[in-house]
């Protein structure tokens, strides 16, 4: 009498493979109601002060001057203008950093590596500040120093926002997606590299 024995090891392997792998629970970052209201309230107040300093800087004379002056000095006007720009940038930064309800999600898709949250506001404010200070000639050497430092921050930030993202590099060819072969026929461009990669792939097959 022969008795056949089933191989249970194979069935166990199939059961182990068929078992769904446990995925780590996704953690959603949220902000409490108090912090949410604080962020938007502070951003609103900073925006109001920024608008007042930008359009009506002479209000400082009414609030602080005892000798009833009618005009601000060139330095006071310069500081009011640039102070309003940076206050507005700070207000935008507060809004962009509200977790789970941030307009920054519209600028950077969730599947990409996150940028620094203040990159866009500070870069924009630096470029505007550099442009305005460069065209102000009544403040002496400040008209040279402020544009230089603001332009360094602004240009560097613009480069980081446009070219500093690792997702702009093709995973297949390693080429920069910002490059183009249009007009000059750049062989290092992403489109040229992709065509060459497809040609090599067809040849290998």
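Glycine is treated like the rest: Cβ placed from N, Cα and C.
In TrEMBL, the feature transmembrane segment is placed on 142-162, out of the ranges 142-162, 163-183. The stretch that TrEMBL tags with region 'Disordered', taken from the ranges 1-20, 21-40, is 1-20. Taking Cβ pairs closer than 8 Å, the transmembrane segment (142-162) reaches residues 75, 78, 82, 115, 119-120, 122-124, 126-127, 129-131, 133-134, 136, 178 in its own chain, all 6 or more past its ends.
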